[in-house]
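Trainee: Structure below; questions to follow.
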Amino acid sequence: MIETDKLTPAVDRTNLDRVVAPQTKSAQEEALERALRPKRLADYTGQVKIREQLEIFIQAARNRSESLDHVLLFGPPGLGKTTLAHIVAAEMGVNLRQTSGPVLERAGDLAAILTNLEPHDVLFIDEIHRLSPVVEEILYPALEDFQIDIMIGEGPAARSVKLDLPPFTLVGATTRAGMLTNPLRDRFGIVARLEFYTAEELKSIVSRSASLLNAPIDPEGSFEIAKRSRGTPRIANRLLRRVRDYAEVKADGNITRQVADAALHMLDVDPAGLDIMDRKLLSAIIDKFGGGPVGVDNIAAAIGEARDTIEDVLEPYLIQQGYLQRTLRGRIATPAIYRHLGLAEPASAVVRDLLAEE
């Protein structure tokens, strides 16, 4: 059984408008993700080392009739942290209770969840880096000793009562592991970083999802979607659904490479997975600032986006792919993006390369 405490996230218009955004866009998309989500480790594609480790740790815990050690999953959004939490609970044969760091505002919120857990249950806390210090303090003894201290009464009559908890497994997920406090991080026995997926791994995911959606697709069509999915299963599944729509209306319903290419071209997703916002940022650096170096505030003014949006939403993938470089003097367009856009690299690039090395 799965119980979920809902959190309504702040609306990020830039992400809502981007088909290649790694964040979940709506409740409807969350429901579709759940339908496509693998239920067992045997069905989980990618993250080979993590999968192998979890298979061993879960089997060992089950053999000893113990709860699994607490698990911390971190990495960029859309890579399968929530999916793995659900799989851990399914493989252990226990219930999963799901909540989110920002939802747990008071110590009582966490205490209410912990005291209702059954032995060996899995508690999944998404965005665990956003736990308040007060809640985090309550969590420490719960993780170590399976006990919590709660205050009863107020003022001089207040007293502390220690409550025993059933053994349970906390699975924490975060996109910002660096924001976790050391005491909290140290209480996780299993720590795993999720990496971006290869195109071949995403091809398998697209093929599996297409089968579940009853969408006919050939291997070349799967690969065309996969290679534009920015290494992220969530994006791959979203693109698949949009390509399926295109195939049903503009073609015969079968997703071939040509159909996928035409659909993704319509969506402004190029062969490298860049969308119109990515190209807008890179074009501004190249056309308006000579390829850089240029400060992020100047870029923000040039393209009409907030600084935080550029740093948190647009830049990470461009930097990871080697199209953009951050230096002390500002952002620089790399030779790779000139090649991708079919532009001649200016002679000043040599000077910029020297600046980038400083």
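Cβ atoms here come from the backbone N, Cα and C positions, even for glycine.
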Trainee: Among Arg185, Arg187, Arg242, Arg244, which is the one Swiss-Prot gives for the ATP site where Leu36, Arg37, Gly78, Lys81, Thr82, Thr83, Glu144, Asp145, Phe146, Tyr197, Arg234 also bind?
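Mentor: For the ATP site that includes Leu36, Arg37, Gly78, Lys81, Thr82, Thr83, Glu144, Asp145, Phe146, Tyr197, Arg234, Swiss-Prot also lists Arg187.
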Trainee: Could you list the residues of the same chain, at least six apart in sequence, whose Cβ is under 8 A from the Cβ of Thr82 (ATP binding site)?
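Mentor: Expected: Gln98, Phe124, Asp126, Ala173.
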Trainee: Just checking, which of Arg326, Arg331 (binding-site residues) has the fewest C-beta atoms within 10 Å of its C-beta?
Mentor: Arg326
Trainee: I need the CA-to-CA distance for Leu36 (ATP binding site) versus Arg307 (DNA binding site), whole Å please.
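Mentor: Just about 35 Å between their Cα atoms.
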